[in-house]
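S.K.: Dumping the structure here so I can ask a few things about it.
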Amino acid sequence: MQAADISAVKGSRSTGREPFAYARLRPWAWYTLILILASICVFGGVAADPGGQVSAGNDDSSLFIWWLGHGAEVLAGFLGFGDGSVAAGEGFLFTDAMNALGGGVNGAWNTSLTGIAIVLAPLTWVAGPIIAYNVLILAIPVLNSLATAVLFTRFLRRGPAFAAAAGVGFSSYTIAQLSGHPNLAFAIAPPLVAALVLALLAGPRPGPGQDAGAQPTDAAGVERSGDARVLGCRTWLLGLGLGAVLGFQFYVSTEVLAGTFIAFLCLMLGLVLCGRSLLTRIGWLRLGAGGFLGAGIALICALPLLLTMAGPNAPSGAIRPHGVWNTDLLDPVVPASPTLIGAGESPLPRVMDIDGAEIGAYVGIPALLAAAIIVLAFARRSVVVRVAAVTGLLVFVLSLGSPVLLGGSVLVPTGPFALIESIPVLNNVLPMRLVLHSTIALFAILGWGLQWALTARRRPRGIAMLGLLAVAAIVVLPGVQPAREVYVPEFYRSSIAEVIPAGSVVKTLPRPLAWAEPHADEAMVWQSVADFRYRETGGYFIGSSPDSPVTYAAPEDGLDTALRPTIFAGAPMPAADDPAVAAGIASLRNAGVDFVVIAPEAPLATGGTGELEALLTAHLGQPVFADEGVVVFRVSGSGS
């Protein structure tokens, strides 16, 4: 009997699927590889020593190393293979592992990075929290670029979309915030939300390089053929995707989420004003259905966080004062530290000293000039250019805050952002951080201009635009970001289990302080490296106390009060017979503190060589351990 011919017909689905998938994924794979190499070049210091260096001008890096380690430890406990160091009942969002004497920390009001901590938990278990943190830093520009490329490829060809998206991923905003603020630098939600919203509004994706609004008849065709498919599978899938993105963002940064909501309103206004060819009755119905589903899923995901926010130790006022973190009108044209041509911190005066990681609005005069030319020349023919221009301008105006500043001086006493400041929850958004969204809009315009210039590259105008865009890219290139050592005494990696029983309450000196300078909170890193074997009396966090509606660190205990002149003013170490020191030690003992651990060689160690050790020896007796970079004193059960 002749065997049946079961070979597939040429071009059939079974034979064409795998090559087609490879063809679609191959450019993205190469793009990802290039982005990874670029990120390694920018953060070469941490890439070379990911376990001992961080790229941070402040010490917020210690805060996030702590939260990454805490999330991994809690997850290990939930899965049943933790070592029992984290107390029973300890959760992702509320913890007394720090601020142990002050009632713990409400992580829902802090940037606990719970979502990312869970994703990185396997790496944290194997390599430790410092390496996990640095892998996150290296990954964020890559992830931001890829997420933005998903948005830009909806209306640009792949090449221009990839180039423009990389501009966002390696923008001054992203690189500046990566100097200690990965929660704010991690910005995949804004472009993905925009892409999902446009997908719901526009229906089937336009062809490669097709301007989604260039042919209104296409939109009409979608409406005529889409009545029966308004609530079809595609709408529900997009709604599910929207819910997943928003739900995850709740557990990374609620401030970026709130900023994304503000940018969404600006996008909707831009579409109504300039993108009516994209708006159809069916599109609005799809957006309503998918948006309702997405919002519902996000709220269900966020329910634990929202309930915890109403719990104890929550701040009861605006977390930051208004009128300080405002984008200056000159910030977009004055280079700051992240850029290759930047000469350090921005020279523009500020209302008060702020962390350089917040100053990320720089895009350069060439980029602004190119964007202005593109808008003036092509706004009539491109709905993408029109909508991006209006959206970006609206968000940038809001990022100016209130008052509006020019060169550090008040230009307009009350800016439009004053309206945002009057709305609960949104009043905690710092206007400077909204430049993320105006940056995305700007690079969408530049990407459109690049696409046009490539098609017109044989004409003088195309060549001129390509030259201008090349200069624009050069002036915003990030330089190699500086890295510094993370100081961790060897004790926390080796002998701690032999000296300090699990679950002990420990006071560490130097204690974590809410200072925007290196090493200020490294005691939190030590606790994380030690797998949270002990509970720490200190801590750097956002919370409240009976004396203050908003606090940024654990309250001082009696010993801190006695040492305050030495720590903050450089005064001599208190005498051994100082009654304030004796009272401070007694208060620690009465509060249930088990050990005091000092790190004499830490960068911000208190007092001169041996002075603090001698003082504590006079009150607590000889240390129980003095090696590997620490001196450990027993408090509970010690004599006075």
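Glycine too: its Cβ is placed from the backbone N, Cα and C atoms.
Okay, these came from TrEMBL:
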- 28-48: transmembrane segment (TRANSMEM)
- 107-125: transmembrane segment (TRANSMEM)
- 131-152: transmembrane segment (TRANSMEM)
- 159-178: transmembrane segment (TRANSMEM)
- 184-202: transmembrane segment (TRANSMEM)
- 231-250: transmembrane segment (TRANSMEM)
- 256-275: transmembrane segment (TRANSMEM)
- 287-307: transmembrane segment (TRANSMEM)
- 359-379: transmembrane segment (TRANSMEM)
- 391-412: transmembrane segment (TRANSMEM)
- 432-450: transmembrane segment (TRANSMEM)
- 462-480: transmembrane segment (TRANSMEM)
S.K.: Considering only Cβ pairs under 8 Å, which range in 28-48, 287-307, 359-379, 432-450 makes the most contacts with the transmembrane segment (159-178)?
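M.R.: Against the transmembrane segment (159-178), the leading stretch is 432-450.
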S.K.: Near the transmembrane segment (256-275), which residues from the same chain, at least 6 beyond its ends, have a CB less than 8 A from one of its CBs?
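M.R.: Long-range Cβ neighbours of the transmembrane segment (256-275): 183-184, 186-187, 189-190, 193-194, 197, 201, 213, 246, 249-250, 383, 386-391, 394-395, 398, 420, 425-426, 428-429, 433-434, 436-437.
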S.K.: Go through 28-48, 287-307, 391-412 and flag the stretch with the largest number of C-beta pairs under 8 Å relative to the transmembrane segment (184-202).
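M.R.: Ranked by Cβ pairs under 8 Å, first place goes to 287-307.
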S.K.: Taking 3+ C-beta pairs under 8 angstroms (sequence gap of 6 or more) as contact, is the transmembrane segment (131-152) in contact with the transmembrane segment (391-412)?
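M.R.: They do not touch: fewer than three Cβ pairs between the two stretches lie under 8 Å.
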S.K.: What residues in the same chain, six or more past the boundaries of the transmembrane segment (359-379), come closer than 8 Å to it by Cβ-Cβ distance?
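M.R.: For the transmembrane segment (359-379), the list is 171-177, 327-328, 331-339, 342, 345-346, 385-386, 389, 399, 432, 435, 439, 442, 445-446, 448-449, 452, 465, 468-469, 471-472, 475-476.
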